[in-house]
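Presented below is the structure to which this report refers.
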Amino acid sequence: MSEEEGSAGRGADGAGAEPAGADALTHTDESGDVQMVDVGAKPDSSRRAVARGEIRLTPETVAAVEADAVEKGDVLATARIGAVQAVKHTWETIPMCHQIPITNVDTEFSVGDDRIELTVAVETTGKTGCEMEALEGVTTGLNTVWDMVKAAEKDADGGYPDTRIADVEVVDKRKERVGE
């Protein structure tokens, strides 16, 4: 695929892109009412979006995940299923998101001493991008990890002082017009 759109969130010099002005909002009409964007006239393109994020956990919990010693079951396998399901159902949970044909979902976990990173890559061929699907996959996959390990992470007061989901972002977005 070409890098027609380049890396998401980056300006020409690689720095953060400037925020769009209010006139660039595509999900509102002239009077400010919310609307779904009409993509009907756009040509089909092969599209790919990659998002990542991480959940920070105690080292003991991470060790239990790696040893498949969590009472609820295989944490990463369950989180992978949750991520893929979320990708396929993004249009049902994000109000103005189009239902798109998902052609591929890749999930990759990277386990550190005190964190698990999840990267989700989504591919489609259609009239609109798939970055929301990639983000939804990451956040649901990480929420699934949290759900699977919450008994181990909970402190005496029922809180989660060492547990947090962080650094969720789109790290790549590409499109290539079909037929090019």
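Note that Cβ sites are derived from N, Cα and C of the backbone, with glycine treated the same way.
According to TrEMBL:
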- 1-45: region 'Disordered' (REGION)
- 15-24: compositional bias 'Low complexity' (COMPBIAS)
- 36-175: domain 'Molybdopterin cofactor biosynthesis C (MoaC)' (DOMAIN)
- Met96, Cys97, His98, Met132, Glu133: substrate binding site (BINDING)
- Asp147: active site (ACT_SITE)
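Everything TrEMBL records as a feature, shown here on the structure.
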| residue | record | contacts (Cβ under 8 Å, 6+ apart) |
| --- | --- | --- |
| Cys97 | substrate binding site | Thr90, Trp91, Met132 |
| His98 | substrate binding site | Met36, Val37, Val39, Trp91, Gly126, Lys127, Thr128 |
| Glu133 | substrate binding site | Ala49, Val87, Thr90, Ile100, Ile102, Val122, Thr124 |
| Asp147 | active site | Lys72 |
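Other residues of the same chain near the substrate site, with their Cβ within 8 Å of the Cβ centroid of Met96, Cys97, His98, Met132, Glu133, are Thr90, Trp91, Ile94, Ile100, Thr128. Taking every pair among Met96, Cys97, His98, Met132, Glu133, the residues listed as contacting substrate, the largest Cα to Cα separation comes to 13 Å. Neighbour counts were taken at the CB atom with a 10 A radius for the binding-site residues Met96, Met132; the maximum falls on Met132.
Secondary structure at Glu133 (substrate binding site), as computed by DSSP, is helix. In the predicted model, residues of the domain 'Molybdopterin cofactor biosynthesis C (MoaC)' (36-175) average a pLDDT of 96.
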